[in-house]
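Quick paste from TrEMBL:
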type     : residues : note
DOMAIN   : 34-263   : domain 'Ion transport'
TRANSMEM : 38-57    : transmembrane segment
TRANSMEM : 63-83    : transmembrane segment
TRANSMEM : 104-123  : transmembrane segment
TRANSMEM : 165-188  : transmembrane segment
TRANSMEM : 200-218  : transmembrane segment
TRANSMEM : 238-258  : transmembrane segment
DOMAIN   : 381-646  : domain 'Ion transport'
TRANSMEM : 383-401  : transmembrane segment
TRANSMEM : 407-429  : transmembrane segment
TRANSMEM : 441-460  : transmembrane segment
TRANSMEM : 502-523  : transmembrane segment
TRANSMEM : 616-642  : transmembrane segment
REGION   : 729-753  : region 'Disordered'
Amino acid sequence: DQDLLLAAAYVSDAQYNRNVPFETSPQAIRLYHFYNHWTMRAATYFFIWVDLALALFEEPAVFPLPFLVTSIAEVLCLTAFFGRLVHFAKVTPQKVFWKDTKNICVMVTIVLTLIDLVIYASLEAVNIRGVRWSRALRPVFLINFPESRQIRRAFRSIRNTLPDILYVFLLFLFSMMIFSLMALKLFGDRGLRTVEGSPYFTNVLDIAFELYVLVTTANSPDVMMPAYELNWWYSLYFITYIIINTYLFMSVFLAVVYNNYRKHLKNEIHTLAYLKRHKMTEAFNILKVKVGTAFVVKEARWRQLVKVVAPDVSSSHLELLLRISDEGQTGHVDKMNFLRLADLLNIRVVAINIKRHPLETWMPRVYQSSTSLLVQKMVQHRIFVWVYDVIILINTIFIALDEKDSLISYAEWLFLSLYIIEILLKLYTYEPRAYFGRNQFWNWFDTLIIIAALLATVANTTIQARKYNSQQILDIVLILRILRLLRVIVSIQRFRVIVTTLINIGPTMLTFGGLVLVVYYAFAIIGMEAFHGKVHFLDPGSGSPDALVCGNPALKDSAFARGRYCKNNFNDLASSLILLTELTVVNQWHNILSEERAFALLADGFALVTHQAAKLYFIGFHVVVVILIVNIFIAFILEAFFVAYSLEKSEVETAIEKKIQELGVGVQEEEVQDGGLIDHMDTKDSGFSADDGDNRKKALKGLYFRIASKKYKTVDTLLQQMFESEIAPEGKDPSLEEILNFSPKKPNFDNSA
């Protein structure tokens, strides 16, 4: 049924916020469904990560492999990328394919990488060291394939934000240069010197650099001391500079970055929301039939569509969605309810199969006795939780005491016994399979912590009994014992709320993690090509004189060597990423930079311009990552946290919950969290009965439903929630041309449909 497949493609695109114009021929539709299959997406990600990981095995390598091996692996990855691109070209109109910048970027990167491989191999054949410059382009594949739309959206929003940020940054640079000229006139002719004996503030470029570092407070108060020692009045100059540029300008910069980023992000989300409705309208128009005076989709057709879009949906879940979409049970779905189908499929509904406890089945008289019921009631009572909160706090005090004391050692066994008793009592009260259900994160967390503590205590006792001395094992034992304190998170509800909120925004944080990875990887590759081999770490105990100068005589008596920064180098990918992380933290990054300048001059052919370029490398990294991306990351996470912390259910979720309760098969989220009822996922497939509530429950054989925890919200769902109130209601959608005008970039959505 070609119409059904075409409608399913539109609904699937709307469900996952894909904006891919595709051909509507039968062959193209089938290819498009295959293109979006999870196996194809998983294979694409696999080759992307293999391609990125090759830097660990290429010179300069963490785990060296022959060039032939790494080059063959890279060619295989490029072949997979080209195949994915050809597959995409088969499903999209040619006009759209060649106008899409993403496709051009992927093709150009493949060609440039092949050219670089050939050149590098030719130079290696004649023993000439080449430069693998194309490795810095590898993140292009991560960004430009359709699967990475969140990362691409973040980059696009940053790109659109840059023009507004540029004016603030230029004003900041202007302020910094004014203060640099003032410093040159105030201190340049006074013969002052730094602690190292260098001239103090005699060159305007050096002054500008020191003042730029002062904005990060990394060289404060060292940069001020020579002038301060001369006259304390000169401290007012530096205090004024810090107030204006560090506190005022950086705060304004953060506000401008976030305000403009949020504006462009809002446009992106509005575009996604309206395009989703547009695609759902296209699907409705394909399947609609006229009943009376209105166009509707027949129930049988609607069922077929859902089974194609979500083949794993159970019949009971399908019936629930149908009851929501066809409230009057008329046998068809109208347009307004049909347009909500994509959102309905995105709401995870958990099936709860309420089972009897095994002990109740095996020995019902004992389990239902007054004593047993009293124990169960005690475990379910809030006081039971409070008692164990007190036990955890007392255990914290004992862990901080000297464990060599025999009393402390016996106390460890006592606390461990109490924790094990707690777990056993909970398993006695609650159905075990439900207690360890797939969605019971906190129960798993609590149990694993107790098991780890048990292993740690047994290992510690064994080690002491046999007088076995292994510092690594002792470290592991101590860490596992301390991890027991994490049970506080489980016990205190407010802690659980905060941690759950952090889990909610985890996908959003991962999106920015991908963004940072792309920037880190590119800068790391450039740094390895420019600076590797200039600094080496040698064990100070080896007796080698080079160990004191990091393997480079030019670093003799330098702050870099005295500070033991020898491992801060670009000799492999891991070291490069660690160094860039240190630069992100900004503490002492100017020291790393100044010494990088010193040993960079040792390379053959490095002249003054090359040295200044090396300096710009670090400044550029600091501006891009610390000032731009980190500011956006902090501001976005703050808002996402506020939204997730006080998240109200959307209209679609409310409609699902209302229908669940009307059918008499609902379980509240609070009941599950408080331990009153633990959900257990079961594979039973039951339909709804048309009788009253009691008969429905009987027909469902113990099957109930609830909305899943909010931690299952996707990035797109969370973003849409942030701007949901500003999206026009259904029926007031703008035209497709107006929708595309929301975005600064107007992609071509020509479609043969």
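Cβ atoms here come from the backbone N, Cα and C positions, even for glycine.
Just so you know, TrEMBL annotations never went through curation; they're auto-generated.
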Mind pulling out the one from 104-123, 165-188, 200-218, 238-258, 441-460 with the most Cβ pairs under 8 angstroms to the transmembrane segment (616-642)?
238-258
Kindly say whether the transmembrane segment (238-258) and the transmembrane segment (200-218) touch, using the definition of 3 or more Cβ pairs under 8 Å where each pair is 6 or more positions apart.
yes
Which range wins on Cβ pairs under 8 Å with the transmembrane segment (200-218): 38-57, 104-123, 165-188?
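Selected stretch: 165-188, with the most Cβ pairs under 8 Å.
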Should anything in the same chain at least six residues away from the transmembrane segment (38-57) have a Cβ under 8 Å from its Cβ atoms, list it; otherwise answer none.
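Sequence-distant neighbours of the transmembrane segment (38-57): 63-65, 69-70, 73-74, 76-78, 80-81, 84, 87, 135, 138-139, 141-142, 145, 147, 521, 524-525, 528, 572-574.
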Across the domain 'Ion transport' (34-263), what does the pLDDT come to on average, as a whole number?
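Computed over the domain 'Ion transport' (34-263), the mean pLDDT is 88 on the 0 to 100 scale.
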